[in-house]
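Take a look at the structure below.
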Amino acid sequence: MTTVLQRREQLNLWEQFCSWVTSTNNRLYVGWFGVLMIPTLLAATICFVIAFIAAPPVDIDGIREPVSGSLLYGNNIITGAVVPSSNAIGLHFYPIWEAASLDEWLYNGGPYQLIIFHFLIGVFCYMGREWELSYRLGMRPWICVAYSAPVAAATAVFLIYPIGQGSFSDGMPLGISGTFNFMLVFQAEHNILMHPFHQLGVAGVFGGALFSAMHGSLVTSSLIRETTETESANYGYKFGQEEETYNIVAAHGYFGRLIFQYASFNNSRALHFFLAAWPVIGIWFTALGISTMAFNLNGFNFNHSVVDAQGNVINTWADIINRANLGMEVMHERNAHNFPLDLASAESAPVAMIAPSING
């Protein structure tokens, strides 16, 4: 009897790389989306940290009046931000090689574009990586669908809104106070608080927080005790156990009696779908609202006040909102224009009925 021994063919380097990338045995799954996600998020993070600490002032309005955003130029953690690229650049793609010098690139806010483009590519790839890992493990794909809500929101404020407004200088600054400034100006120019899609987003976020707290407290209150009174109930759970860890019938009975019977879920799968779908759909609507307001399809306005039979204005909350919007619009970009667009385009109002007499 003859035994033939053959040497096992060694995998070439590319096949080893493919096997490593798609392996679900790694401590952290890489995946093909991860191959692009890792360098883009690293580039965005490194540039953000450097710019937040040391970037020179940026001519955001394109009128040769730079705005400081970094820590080394007088800001703190609250006021600091990566300032959006200049209005003089508009929507032009502005990588480093398009500038005459590095100083010019920094002056025109080039780091902002570098950060948001790499960041958006990175979070898109993170979403794809979630789908890829679910596929490898034989799971359903709804994790990446849920993650699409914050991805849509980030895309709306960093990409869609600047495109609609015609300049990346209108994008959201990368900082705490800059975010608040963006919100105030957005309200002033688009009346977002009166937009139904934003209202759905508020209901989604606050409702999701409420439902999450209700669910967590109900589960915690109806745990099946596997321990003695002197031990924590948490020690009664073993990872991977087949038994239920809480009594859904007890939780259903409690909540049904607290409100009414049909307010409580008796199906755990339907319950958890609802907990996921409510905030996701709400945030989808908010992102859609931002994307429509980007092209000036704004929230409801009540610019025509309610008047009585004699023509006297009956003040409502709408008048207060209008006045607040005008005030915020006057304050922002104070040197780029003298009046907000609403005032500059309206009919001139007389400020004096009779010419004053001058005693010379």
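Note: Cβ is positioned from N, Cα and C throughout, glycine not excepted.
Owing to the predicted nature of the structure, the values given are computational and were not obtained by experimental measurement.
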Review point. Among His198, His215, which is the one Swiss-Prot gives for the quinone site where Ser264, Phe265 also bind?
Key: His215
Point to revise | Candidate ranges 87-108, 197-218 [criterion: Swiss-Prot lists as transmembrane segment] | key: 197-218
Point to revise | Which listed span Swiss-Prot calls transmembrane segment, if the choices are 118-133, 246-261 | key: 118-133
Check your understanding: Once the DSSP letters are reduced so that anything not helix or strand counts as coil, what is Phe265 (quinone binding site)?
Key -> coil
Check your understanding: Three states by DSSP: which one describes Glu333 ([CaMn4O5] cluster binding site)?
Key -> coil
Check your understanding: Is the transmembrane segment (29-46) in contact with the transmembrane segment (142-156), using three or more Cβ pairs under 8 angstroms as the rule and ignoring pairs under 6 apart in sequence?
Key -> no
Check your understanding: Between the transmembrane segment (118-133) and the transmembrane segment (29-46), are there at least three Cβ pairs closer than 8 Å, leaving out pairs fewer than 6 positions apart?
Key -> yes
Check your understanding: Which are the residues of the chain, His215, Ser264, Phe265 excluded, whose CB is within 8 A of where the CB atoms of the quinone site average out, their centroid?
Key -> Met214, Leu218, Ala251, His252, Phe255, Leu271
